[in-house]
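See below for the structure under consideration.
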Amino acid sequence: MLGNITPVSFFKTWVLKKTDVHVMISAREVFPCFIFRVFLLFQVFSRVHTLTNHANFEFEKSLSSCDKPCYNGVCLNKACVCSKGWYGSQCDHCFGRIRISDNASYISDGPLDYSPSAKCTWLIEPENSATPLKIRINSFFTECGWDYLYIYDGDSVYGKQLAALCGEQPSQEFTAASGKALVHFFSDLAINLNGFNVSYESNRCAYNCSNHGSCLNGKCDCEDGYKGLNCEYQVCQLSGKSTESPCHEGQCVDGRCECLSARVHGETCQMPVSSSVWDLIHPTNNAPTGKASHASIAIDDVVWSIGGEFFDGSSDPNNIDVYNVTSRIWSKVEVSGDMPKPRFDHTVVKYKNKLYMFGGVTKTQVRHQTTQAATNELWIFDMGSKKWAQQIHKNETIIAAPFAVAGHSAHVIRSEMFVIFGYNPLFGFMHHVQIYNFETEEWTVANTSDHVYGRFKHSAVEYTTPTGATAILVYGGSMWNNTITDSLMQFDTSTKKWSNLPQSGVQLYLHAAAYLNGLMVVVGGRGSNVTAGSKSECFSNMVQSYDVACKQWSNMSTAPVDLKRFGHSVHVIGQKLYALGGFNGKMKSDVWTLSPAKCSSATRPDECRLITDGTKCVFVDSSCVPFDPTVSYKSSFASMIKSSTPKSFDECTNTPLRLALKTCEEQTDCVSCASKSGCGWCSSGEQCLPNEQECVDGPGMLTSWEKCPQRNSVATMRPCNMENNCGSCRISPHCTWYPIDKASPCVSKEDLSPAFFLVHSRRKGKNRDPNQYQAADMSRVPRAAAFNSLAVVYEYETKSVLADRNKFLSPSHFPSFFRNATECPMPCAQRNNCSDCTDLEQCMWCPSTNRCINLEAYTLSFAYGQCHSWVTSGSGSVINRVCQAESVVCEEHKTCGECQRDPGCGWLADDSKTGLGLCIRGTSTGPLEPKPENSTWYFIDCPACQCNGHSTCFTSVGSFPPVTIEKCQSCQNHTTGAHCERCAPGFYGDARNGGVCSPCDCHHQADMCDPVSGQCFCKTKGVTGDRCDKCEAKYVGNPRNGTPCFYELAVDFIFTFKLRSDDKDNHTSEIYLYSVPYKKDTDVTFQISCESPKGNALVALNMTSSYVNGLADKSQAMMVDTICDSKGFRRVYVASDKGYPFGPDSNTTFFVRVYNFNTPVQIVVSFAQSPPINWVLFFVIFAACFIVLLVVAGLLWMIKVRIEAYRRNQRRIDEIEHMASRPFASTKMELSMLSQFSSAGGPTPLSIEPCSNYRAGVFTLAVRLPTGGKAVTPSGTSGLAVASSLCLLTPQQVGVLQAQDNGESNSGRKSNFRNLLRLTIRQRPNNND
């Protein structure tokens, strides 16, 4: 490492390297010359030693002056100078290619977390490369599914691929039989983790053959009694029981362990029968190449494995591998006739004597490139004739089955094949259940009203329900938005209905499941993606079981670590479960078997219940037996007599969840379910569940009966917000796609307003970009109108989608459908190149597979590291350059550095020493194609300078430190840059590798253009276009002919131009204006100001005019190079001057040019024509107006006074009349002496005021005040008072007081009062009675 050398040794090393050349040359010369050169060499060494001693202190100081350590480099001038293959401020990130020739060493991404977008390649070529190479993974932790370390056996990627490691990997070893290895690391932009540390050692096999064999030609030659790739498994050879036998409690019989006791089982009789046991099966012959995502099926005691994903360099992927579990022999089926394309993520089922293979992702090799595509092909394999035949579909519409799917599951029920879910590149995650009838050869879609989400790479098993129907259990899988689910659902094949079952609590996909002893056993899988703060398992070895009868999940005994994998398959044969293949960073071909626990090992009921590993037991008749769902078990006699009420047998453990589930399942409708405490209604499956659970899909759980739908309501349509793909949204007749709403782009047509049909009719017939959404230009339209517009634009016409399926599948026919019929953007799957793919934001281009996919489908499509890099719309501003740089077509790379970032390419440089060359496929030894003459192959390093054919390399040596400097001399052909890799200012093109730089074609309207695309940076405001050949709106001119674009300034208006430092105005440095004064004999005032933080501007003003009297046109410069600042200036041009003829007859025009400014700038400019003011006339008019104003004001004031007086008098009259209309009367009172007694019998009221209801009234009476025992009241005090009281009225009083008719005079009221008084007097009681 350079970081460990001393300054002196570094200096001496450089001198020795330089002198080696002279020594080799001197060997060919005569002896005297040699002596002379030795003398000079001695003088050089002496001088070097002296310089080193003097400079040692300063050099050491410079090396130690960096703030942070330089891990893979040296510190010079307070900065780290990195060694080859490293970069970063601390030389802590790997970069480019490195060749390692040591017999034993290590490689690493760096001491810290690896960098984003890393591409690092190590070529391990030990000196002893003729012997096998052992590669050991010491530590490894990267982002699961995104950041991979690829290991190849050989000196290039064209050798056999050994691994594609990601996630968290255990310590493991590999053997490169060729003695060489190429290791390539790729990371993306998102998450950066600890990385890896890998060591290697030459002349070793992996694990040293477990010390039970010898390494021969890269393979372990095992000793007797040991097998395996690394001799890691001991097998029995000698018959009978032996101390050296691997059989723990058994003996060897015909090469296998035969257990001597019924209490143990397993491959080596190592486990008691009360527990399940996993065993690795050692096949009798060599296993085939490892693979994953294959399709397999168990027929009798044979497993057929078809297709799958393989590593590069593996055997023929079309092979059909067959494994016999009884004989433990692998074999291949010889197939004749037509062959289907290689594929993975497909399914295979058996009906009668034929195998049916449907769907998956096909792989096509075209010119060293692999193209992948999802398919809906159905192939039939005749097991008798060993021939394939493709079944041609009868449906001719793309919106009918069969849909192309991958990652689905298939099940044979009676004479039909049920295809569950899967991913379709056009419609996303399919929620449909496709049904194929073997007899009629017709495809249909199950008509179900339940609303569920589609899934990818779930697991599914079929079983027979207690009612005799066949149901399919579907567990886990990946859904839209990269969501992994732990849900379990059941599909009834008779009623075509979905129902919800308890979740497992573990999110998995790419797992496998089988039905064993009443249990759904789920093995392995891939968990959630790794994030920066968590360590979720990328490869799982978890084994779960779901009790179908009890509806309970449980975890089985811990499986071996070697079982961590995904993409495998499992089958049940002879009461055992077999797991085959899969991926855990390596493609696996091993076979594991699960031997479930045996019920007979239990003797007590409690022991019987505890046996749950791979089986389900019940204690009946004093014995523990396997549970059979078709048998009705009864309770024992002892348990019956102990209880007052006999109970039926319950084989399940009554957990709180199960009790709640049992209670809720008794409710059959929404109202009763929601009314039950602790229960909720799932409308998607019309099922009642405990509210601790969740509805699998569709709307949320209903826990209030008031929210339940009506009993007689029609089944609801699938909610539009459950569709997350434009294609799936469009095939729903009640939905439409609204891309502006990012949260829920699929909306119901019922929510749209009919107010936008007019808008659509105006748009109809206009040219539209078919690749863009039709709502992209509706930002100014109200939301309701925009909704309806999309309803019209996206109106689905069934006639438009009728097309021959073969034509539809071709790329040339597909765009017309999606552009004209559904108005959806072209799907990612139909974009066939990088630039088209990245035009759509949600698309991602994978160069290594030549495939464009949706962002949400990346981890689904490339679960095994098939994508070595990817490009999206956010990868860079010049997307074409990024696409070119990431291409796997070597010939598209233009420089040596870019070429070597692709591990499959090398640089073939010509011998002109100018940097010209060709990037082609090759290995470290040379190109794969024939090498042309006069060329040199570079696989690790690059030629000096790399001047791209525009210069030659110049070499010089620095004074101190003595570092060789190689640089390009003056670049020619209008190029610039350290390697002449860019076009010089004023030119554009691709200067790399001899490219041509052309002058910017900007019609003299720009000084510079984009050096790559040639897009002109127009310097004149108002000029636009890639070639500055058009004028913007409101500007006039013809830039093509050299005439700039002018903006007209209307007279007597102020104009403000704000030019910002953005992409639009960043290069603007001038603006042209003009104004036409239309008033004759009126002065013209020109005013302008220029405010900019980057300096002042200059102004030029010209005036042109033509005379009506026949004189020639006249043009004169009014000002030139006049400085314009923030204060501005003002000029007045007098109309009386003969040189300024204004008015329509003279056709005078002012032309203004504001130039030499830098943005941002604000320009305020105006032309004004105001006639001179006649002050006498002004004051006369002003005085007249003022007098008129006073007169009018006086008149208005007088009118106001008159009106107010009239209103005041009128109000007074009304008040007097109102007071006069009040009831009043006079009365005479006779005061008797105190000693006298009145014969009248009592007082009479002075007045009576009846209430509104005439039932009571206020009686007012005169009251004599007390005198205090004297004859009269004291002097100054009144002797009388008026008192009032509320009293009831008699009928007679009411009759007198009743209100009279309208029109009765006020005098009548007074007479009524008198009558009342007389009535009161008559009714006074007689005291004599």
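Glycine is no exception: its Cβ is also placed from the backbone N, Cα and C atoms.
Per Swiss-Prot, the features are:
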{"type": "DOMAIN", "residues": "65-92", "note": "domain 'EGF-like 1'"}
{"type": "DOMAIN", "residues": "94-203", "note": "domain 'CUB'"}
{"type": "DOMAIN", "residues": "235-270", "note": "domain 'EGF-like 3'"}
{"type": "DOMAIN", "residues": "952-998", "note": "domain 'EGF-like 4'"}
{"type": "CARBOHYD", "residues": "N103", "note": "N-linked glycosylation site"}
{"type": "CARBOHYD", "residues": "N197", "note": "N-linked glycosylation site"}
{"type": "CARBOHYD", "residues": "N208", "note": "N-linked glycosylation site"}
{"type": "CARBOHYD", "residues": "N529", "note": "N-linked glycosylation site"}
{"type": "CARBOHYD", "residues": "N820", "note": "N-linked glycosylation site"}
{"type": "CARBOHYD", "residues": "N832", "note": "N-linked glycosylation site"}
{"type": "CARBOHYD", "residues": "N833", "note": "N-linked glycosylation site"}
{"type": "CARBOHYD", "residues": "N934", "note": "N-linked glycosylation site"}
{"type": "CARBOHYD", "residues": "N973", "note": "N-linked glycosylation site"}
{"type": "CARBOHYD", "residues": "N1066", "note": "N-linked glycosylation site"}
{"type": "CARBOHYD", "residues": "N1102", "note": "N-linked glycosylation site"}
{"type": "CARBOHYD", "residues": "N1147", "note": "N-linked glycosylation site"}
{"type": "REPEAT", "residues": "302-353", "note": "repeat 'Kelch 1'"}
{"type": "REPEAT", "residues": "355-408", "note": "repeat 'Kelch 2'"}
{"type": "REPEAT", "residues": "416-463", "note": "repeat 'Kelch 3'"}
{"type": "REPEAT", "residues": "471-518", "note": "repeat 'Kelch 4'"}
{"type": "REPEAT", "residues": "520-575", "note": "repeat 'Kelch 5'"}
{"type": "REPEAT", "residues": "577-619", "note": "repeat 'Kelch 6'"}
{"type": "TRANSMEM", "residues": "1176-1196", "note": "transmembrane segment"}
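Positions of Swiss-Prot features highlighted on the structure.
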residue	record	Cβ contacts under 8 Å, 6 or more apart
N103	N-linked glycosylation site	P126, E127, N128, E201, S202, N203
N197	N-linked glycosylation site	Y106, I107, S108, N138, S139, F140
N208	N-linked glycosylation site	K134, C215
N833	N-linked glycosylation site	C883
N934	N-linked glycosylation site	D910, D911
N973	N-linked glycosylation site	H950, C980, A991, V996, C997
N1066	N-linked glycosylation site	F1017, T1159
N1102	N-linked glycosylation site	S1115, Q1116, A1117, M1118, F1150, F1151
N1147	N-linked glycosylation site	S1105, S1106
DSSP-derived class (H/G/I helix, E/B strand, else coil) of N973 (N-linked glycosylation site): coil
N832 (N-linked glycosylation site): tally of other CB atoms within 10 A of its CB: 12
DSSP three-state assignment for N103 (N-linked glycosylation site): coil
Assigned element (helix, strand, coil) containing N1147 (N-linked glycosylation site), judged by DSSP: coil
Chain residues in Cβ proximity to the repeat 'Kelch 6' (577-619) (below 8 Å; excluding those fewer than six residues from its ends, i.e. six or more beyond): 162-167, 169, 263, 265-267, 271-281, 283, 287-292, 294, 296, 298, 303, 305, 308-311, 314, 323, 325, 512, 514, 516-519, 521, 523-524, 539, 543, 545, 547, 549, 554, 556-557, 560, 562-571, 625-627, 633, 649, 651, 653, 863-864
Cβ contacts under 8 Å made by the transmembrane segment (1176-1196) with residues that lie 6+ beyond its boundaries: none
